[in-house]
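Q: The transmembrane segment annotation in Swiss-Prot covers 32-52, 90-110, 116-136, 186-206. What Swiss-Prot lists as heme c binding site is Cys35. Residues annotated as heme b 2 binding site in Swiss-Prot: His86, His187. For His100, His202, the entry in Swiss-Prot reads heme b 1 binding site.
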Amino acid sequence: MSKVYDWFEERLEIQAIADDITSKYVPPHVNIFYCLGGITLTCFLVQVATGFAMTFYYRPTVTEAFSSVQYIMTEANFGWLIRSVHRWSASMMVLMMILHVFRVYLTGGFKKPRELTWVTGVVLAVLTASFGVTGYSLPWDQIGYWAVKIVTGVPEAIPVIGSPLVELLRGSASVGQSTLTRFYSLHTFVLPLLTAVFMLMHFLMIRKQGISGPL
């Protein structure tokens, strides 16, 4: 086993990387409230895992979406548990994100030189809200349908570009299969990819600049 480790160590300098990760200075003022961002990340990872599991059974069509969710809840092995954990962790992710934003704001963590860290955090907050909007529609029940209809109708009030923007969101003049397909694509591919990219940027900047000091 040591020979295998030595082989990788010689080429990748694993020990140096491990030392850099584990020896990072943590300021003495850091408390449990500084863990809220990490909890938000944990919730996101749970979302990815449980969401991926449900894609094996979910069918993104207006005729089969609701029945496929019912199948997950009643027939698929541990499907009810996976979907429930997905919903609970979604609520927890939103709550932890809000508390994290408040903590950063109240402790002045957005000030120079951490402005870009704050900007990426705001983008992540918007992406998190977008997860909620797109995911809410996927069961395609009465609540999901009317929620999508209302949300996608909001841009209608914008002058000039309102109507084209509504049609872009819905995929057609009215809410239907095109809308569900777009929301499913956003929820399972576009938003997770963007979130992963901005999280990486967020953490790299925190790693580079360190945790902000006390007020």
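Note that Cβ sites are derived from N, Cα and C of the backbone, with glycine treated the same way.
Help me understand the surroundings of these features in the structure.
A: Beyond its flanks by at least six residues, the transmembrane segment (32-52) meets 82-83, 85-86, 89-90, 92-93, 96-97, 99-100, 103, 131, 187-188, 192, 195, 199, 211 of its own chain at Cβ-Cβ distances under 8 Å.
Shown in sequence order, the list is empty: the chain has no residue 6+ apart in sequence with a C-beta less than 8 angstroms from the C-beta of Cys35 (heme c binding site).
Counting every protein chain shown, 19 other Cβ atoms lie within 10 Å of the Cβ of His86 (heme b 2 binding site).
There are 23 other Cβ atoms within 10 Å of the Cβ belonging to His100 (heme b 1 binding site).
Proximity of distant same-chain residues to the transmembrane segment (186-206), defined by a Cβ-Cβ separation under 8 Å and at least 6 residues beyond the stretch ends, is recorded for 41, 44, 48, 51, 55, 114, 116-117, 120-121, 123-124, 127-128, 130-131, 134-135, 138.
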Q: Return the residues near His187 (heme b 2 binding site), defined as same-chain residues 6+ apart in sequence whose C-beta is under 8 angstroms from its C-beta, sorted by sequence, else 'none'.
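A: Result: Gly51, Phe131, Thr134, Gly135, Leu138.
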